[in-house]
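Listed features, source Swiss-Prot:
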{"type": "BINDING", "residues": "Lys613", "note": "ATP binding site"}
{"type": "MOTIF", "residues": "41-52", "note": "motif ''HIGH' region'"}
{"type": "MOTIF", "residues": "610-614", "note": "motif ''KMSKS' region'"}
Amino acid sequence: MSFYNHKEIEPKWQKYWADHHTFKTGTDASKPKFYALDMFPYPSGAGLHVGHPEGYTATDILSRFKRAQGYNVLHPMGWDAFGLPAEQYAMDTGNDPADFTAENIANFKRQINALGFSYDWDREINTTDPNYYKWTQWIFTKLYEKGLAYEAEVPVNWVEELGTAIANEEVLPDGTSERGGYPVVRKPMRQWMLKITAYAERLLNDLDELDWPESIKDMQRNWIGKSTGANVTFKVKGTDKEFTVFTTRPDTLFGATFTVLAPEHDLVDAITSPEQAEAVANYKHQASLKSDLARTDLAKEKTGVWTGAYAINPVNGREIPIWIADYVLASYGTGAVMAVPAHDERDWEFAKQFGLPIVEVLEGGNVEEAAYTEDGPHVNSDFLNGLNKEEAIAKIVAWLEEKGFGQEKITYRLRDWLFSRQRYWGEPIPIIHWEDGTSTAVPESELPLVLPVTKDIRPSGTGESPLANLTDWLEVTREDGVKGRRETNTMPQWAGSSWYYLRYIDPHNTEKLADEDLLKQWLPVDIYVGGAEHAVLHLLYARFWHKFLYDLGVVPTKEPFQKLFNQGMILGTSYRDHRGALVATDKVEKRDGSFFHVETGEELEQAPAKMSKSLKNVVNPDDVVEQYGADTLRVYEMFMGPLDASIAWSEEGLEGSRKFLDRVYRLITSKEIVAENNGGLDKVYNETVKSVTEQIELMKFNTAIAQLMVFVNAANKEDKLYVDYAKGFVQLIAPFAPHLAEELWQTLTATGESISYVAWPTWDESKLVEDEIEIVVQIKGKVRAKLMVAKDLSREELQEVALADEKVKAEIDGKEIVKVIAVPNKLVNIVVK
């Protein structure tokens, strides 16, 4: 029995595509364009896992489909290659992160090519290539010139033992560092910030124009966090000091019975009484040891210390105590809140814990039992009594503005982007600090500012990056003799990924980021596929940079990615014991269809879970390609279920996909292919062309494959296969299983030409119409026969056909026909006696 020999066929066609540059981006200006983009990977030492190809296969299917439909297709791939893991590896092994990264990229590229993806490798980019990051640095200098890149003192997660600050993501819940388990303290340090907040309103409003999953748009809206309210000024009793509170509910001001400042607030030391000084200092120290996440955890016990000072509530002149508490962050809002315990759960818990007064100002609950957080008419609120929320807010804001105690204010949860890292393996920030106190950007003519090669990439220990150790690189002298130091911080990994989709459009341009005409031709990206874990940060940062470049006149569109699709996760098989603990697969044995712990003998429950090294359930695509072939992997991952669903990996499913491809191979190579069409497959063939075309457009690849299976089943029942239908079917399967399709195309055409640019098949709508229909024949009300007849026969013709049927003749033989009722396309009812 013949089968699809993937080990021979797949490398053969991969070599053909590479030798012929089959997937070079089309430049015919008369054709429409299609830009299919994958989120480019970080080339880790572990290589690809089977989750990567799911999204890559989806964009590859669309790219191959669009080429066949006559589009110029831009389908590129590159490497997001700066980042912490390579630096960590280099520090642990003494190797150069550049060498390690190059090896990883070579491995990733080998794996990607083995899967038959139709990338245009002439456009490959690498964020660590100076020719690439020259333009990352150029964008930074433009941000700096426009005042959107600035330096500020910001609290960072400082690890003394590592001699560096670490990102929030690298702090464990217990407040220690992920690497080494060292204590992490919050300490203010000079950092570069990007003023993303200047774009908050546009980033919010323009989401409405995008074809993105609503859930992702909502995550961005929440992250930007626009809220309308008021800034209210509180004076500190007995001093000339005051502080501002932002509140979305200024109408509840009569219920404010205390205020809370962040421990880091500028005023704290100035207003703390001598009696409270020690307690306040201790509390500030404890707060500095916690991450923002730990501090704002709603479930945690409320802690705080009174400063000994009082604020004056501007609406009623009452003296209310000023506390500090770590749930208020200096970086959020104004770093101060007014507490209305009757109507806010966190304030209520705090008031109960510390015996502070609770004053009801909205009617409807029992505020001694719990905070009432619904709306109701105002009470105990002087001139606001009886008003609803909207009326009361409008009235109090007008009153505050008239009296000079506050004003209406729109705020955003979005913070400016902390853009510097005290690391070696990143883009150098192109700024020079001069001894006269000024700073300047490195001029464009001197870019790229190349990252110097060094063996010593350990942190400097001073809070600066390892670049501070490199005196020759670090110190510069101007023409007028003024000395300066280069900026030692490097950019975060997000920098290179915020604009890479633009460089693919014109990757070898040495004069500018990309040519304007080419940007006009290709933007926006038509489809961007990647994981939902990048829903906020990467996509928000890329949108910010794109809008900035739009303002500069560099790009012609307001948004970078017109359509976004998040593929689901491919889960591994895992096992749980009676406690619910996960058990590694190498500790499991299968007996009689059940699963048992090798050591304890306990029966285990099988359940899908995220693939991980510790569970030993990671599936390597190399192994799948070796055993089943790349086309099998592609078809299986698309047939598992909807592309956006998370589904468990199944060896049985993989085998099923392989068997299907073997059936396809046999159908085309073993069936007699003929030049005459007997019409037997007209309907199913045209249905298949129509369905597969429509389902690919909708990215419903699983249903497209199901329809291809329907055609194979129907074709196998026929003695012969019409050549045009055989060719059309091979074209339909080509985006899914391209190696097999190329081989079968040669079997059918012997042209020696790739199938890639052969025009996509079309369908004949008239062939989809049923030309025959089943009708029932009833005699004395009982069904006696079912007949296939031509569609739309008249009553007379239908009656004639029914009475001529042998079965019907036998039933009515010797009986008198009283009447015949014929209903076209439905039934014939014969009344006899």
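Note: Cβ is positioned from N, Cα and C throughout, glycine not excepted.
The DSSP breakdown of the motif ''KMSKS' region' (610-614), given as helix, strand and coil counts, is 0 helix, 1 strand, 4 coil. For Lys613 (ATP binding site), other Cβ atoms within 10 Å of its Cβ number 10. Across the motif ''HIGH' region' (41-52), DSSP classifies residues as 1 helix, 0 strand, 11 coil. Over the motif ''KMSKS' region' (610-614) the predicted model carries a mean pLDDT of 79.
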